[in-house]
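Feature list (source: Swiss-Prot):
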- 344-400: domain 'MIR 1' (DOMAIN)
- 410-466: domain 'MIR 2' (DOMAIN)
- 471-528: domain 'MIR 3' (DOMAIN)
- 64-84: transmembrane segment (TRANSMEM)
- 110-130: transmembrane segment (TRANSMEM)
- 156-176: transmembrane segment (TRANSMEM)
- 179-199: transmembrane segment (TRANSMEM)
- 203-223: transmembrane segment (TRANSMEM)
- 245-265: transmembrane segment (TRANSMEM)
- 293-313: transmembrane segment (TRANSMEM)
- 602-622: transmembrane segment (TRANSMEM)
- 643-663: transmembrane segment (TRANSMEM)
- 672-692: transmembrane segment (TRANSMEM)
- 713-733: transmembrane segment (TRANSMEM)
Amino acid sequence: MDVRPKENFSQRQDTSAVRHRKTCKVNERAEIPSQPHNGTINGVNKRITKREGGEHISSPSRDAHVPVFILALVIVLSVSTRFYKITEPPHVCWDETHFGKMGSYYINRTFFFDVHPPLGKMLIGLAGYLTGYDGTFPFIKPGDKYEHHNYWGMRAFCAALGSCLPPFAFLVVLELSQSSTAALIAASLLIFDTGCITLSQYILLDPILMFFIMGSVLCMVKFNTQRLGPFSFSWWFWLLLTGLCLSGSLGVKFVGLFVILLVGINTALDLWRLLGDLSLSLVDFGKHLLARVFGLIMLPLFLYTTIFAIHFIVLNRSGPGDGFFSSAFQSRLIGNNLHNASMPEYLAYGSVITVKNLRIAGGYLHSHWHLYPEGVGAHQQQVTAYLHKDYNNLWLVKRLDNSDDLTGSPELVRHGDIIRLEHKETTRNLHSHFHEAPLTKKHLQVTGYGINGSGDVNDLWQVEVCGGRKGDPVKVLRSKVRFLHRATGCVLCSSGKTLPKWGWEQVEVTCSPYVKETPNSQWNIEDHINPKLPNISLAVLKPTFLEILWESHIVMIRGNSGLKPKDNEMNSKPWHWPINYQGLRFSGVNETEYRVYLLGNPVIWWLNLLSLALFVILLTVASLAVQRRVKMEGMMKVHCHTLMEGGGMLFLGWLLHYLPFYIMGRILYYHHYFPAMMFSSMLTGITLDILLQNLQLLFSSSLSHYLMRGGQSVLLLGFIYSFYLFHPLSYGMRGPLAHDSASSMAGLRWMESWEF
């Protein structure tokens, strides 16, 4: 099944800027150069050819016959496994409650907040819209019936992109190894993996992300094969398509940065190779450099920015995500109380206000009837920062002496004034004292204290307008204000830390002894109600596109790092993933419910793990052989290059998509491993194929041929049979759970941590 190109490099017409190069002889002992001519990471394997005067290493022809029948079979199997029972179960499963809802928001043009960039949700919403979904299903919780709503279009879109992964893997491995056997093994690992199937069948970001990651790798490999014809149409096509896929990867999730790094390393090595080519002028090298800067940096940045521009244009109506953003950001949203709003320009005594922290995603100053628990400072009313608009965000501005002059014109609050802030709902004053803050130990606790506005001297705060002078009035929305506590000298601050369950997971508010001006200690007056004052228009506050783009990224990054596990939810560990330690419940928990369980096919995953170890051993042996200039026969040279170049690129891709999770502080889930799993599967295809082909070193030619074909057949049949055993995990189960001996899955619970 191997595809070995027949055309010699020396027979090809080279019309590129690097034409007229000479093909160098290979030293009789040094059969493989220690530093391959085209770099360590690329998509072209060397081929050994015979010419007068010795052996040469040259690139395989790109005109070699592609095994169309095998590729067609891969496509058919991939599509059929992903679309089978696509409408079942007819209820919300796992994170469909998030991403289906967000697709609805796009259809309804309602603004929301999410920790991921918008492209994936935009495409889900577009798929739903084009297939007749009207955006009215609420997606409240897993298990809710879809009933008459057209949810299938969004699932089908995700399944279609998921169906592309095995064909992409086939083409990538075919380019890297020039072996259709290796390509078929790699594709089969993805076709028959129950985990990949499950992720592809629901309204999730994962199949969209993996589509763009695999597309980026395929386009990069294809671009590498165009080295003999730089600046040709196909050369530009694959370069620009690589940039397009990179922008798509990053536009779905920030995990796309890992494949950008992979392509960046490949590009850097490629440019280093060109720089060392003395037949290439510096002018031509500059053209190569500028072309890659345009195709792999400028184009992806432009497309990525365009994604956000469309996102902001479509989501122009106020929604549940408003409170995560600044007052200026909210003023552009139709339906928000700040959009085209008018309110009093200057703060006055007797005004009812909301106070928003200027730290991005800092929240509104908030209180409620709940008290700090015993052992956490004083047992008084909690004061927090809350990210959503709420009645408990309202505060009444009162004078130092607590008097209310209801007659005459209102008196403005000015820089240097000493005020009280009374919580509108509970009538307790904003208060601080010499008790330690709940989380930030060097800060002081902030509480609500007093009854009906009466309290003590610890309720007094001095207003300071940042950059202002004594007597300057406080401007609503535009003035940056700080509140200095008179009794302790500290400054009101939002620490950005999330309180435990007793604090309703809201943001900690403290009084900081560090009085230096920072966004954490700066606030602005957002809502302002005072019927005695004239109103002015706030339209001038709308921010520029670059300002909202920057703010969106800061909010996403902080939101992502702040994700914590829910109640009774296990935080998956990265070391769990390669060994398939534990899956995820997508639907159902008991024997009467329709159960779907995200778990990789254990035969495939454990084979991938074994192949990783085998690859490291083979790579070490090959590297030592090259370093010691060991003489090798023809096919051994090809296999050595395949391991070091094609295998090296895939191994690096696996490392880049797996190791960073060990240093992430956010909650992690099992499904985060699947991009790395794709690289592992492609590497398995190359590793096993090389092992099978090298059986000829141990056995006679005829016997090794039969053993190789037998090994290939055993592998493929093993994938199919293991898929047959575990397919209920993807397509649904009913009846007793696997720990019950009466269950049809009882004998398949090979690890106690599996919960199906």
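For all residues, glycine too, the Cβ spot is worked out from N, Cα and C.
Helix, strand and coil content of the domain 'MIR 1' (344-400), in residues and according to DSSP, is 3 helix, 28 strand, 26 coil. Per-residue pLDDT, averaged across the domain 'MIR 2' (410-466), gives 92.
Counting same-chain residues at least six beyond the ends of the transmembrane segment (672-692), those with a Cβ under 8 angstroms from any Cβ of the stretch are 165, 169, 172-173, 176-177, 179, 181-187, 189-190, 193, 195-196, 199, 206, 209-210, 213-214, 255, 258-259, 572, 574, 577-578, 600, 604-605, 607-609, 611-612, 614-615, 618, 639, 642-643, 646-647, 650-651, 653-654, 657-658, 661, 707-708, 711-712, 715. Sequence-distant contacts of the transmembrane segment (602-622), counting only residues of its own chain at least 6 positions beyond either end whose CB sits under 8 Å from a CB of the stretch, comprise 189, 192-193, 195, 578-580, 639-640, 643-644, 647-648, 651, 654, 677, 680-681, 683-684, 686-688, 690-691, 718-719, 722, 726, 750-751. The listed stretches are 64-84, 156-176, 179-199, 245-265, 643-663; of these, 245-265 has the most Cβ pairs under 8 Å to the transmembrane segment (110-130). Below 8 A, the CB atoms of the transmembrane segment (156-176) and the transmembrane segment (64-84) form 3+ pairs separated by six or more positions in the chain.
DSSP states for the domain 'MIR 2' (410-466), grouped as helix (H, G, I), strand (E, B) and coil, give 3 helix, 29 strand, 25 coil.
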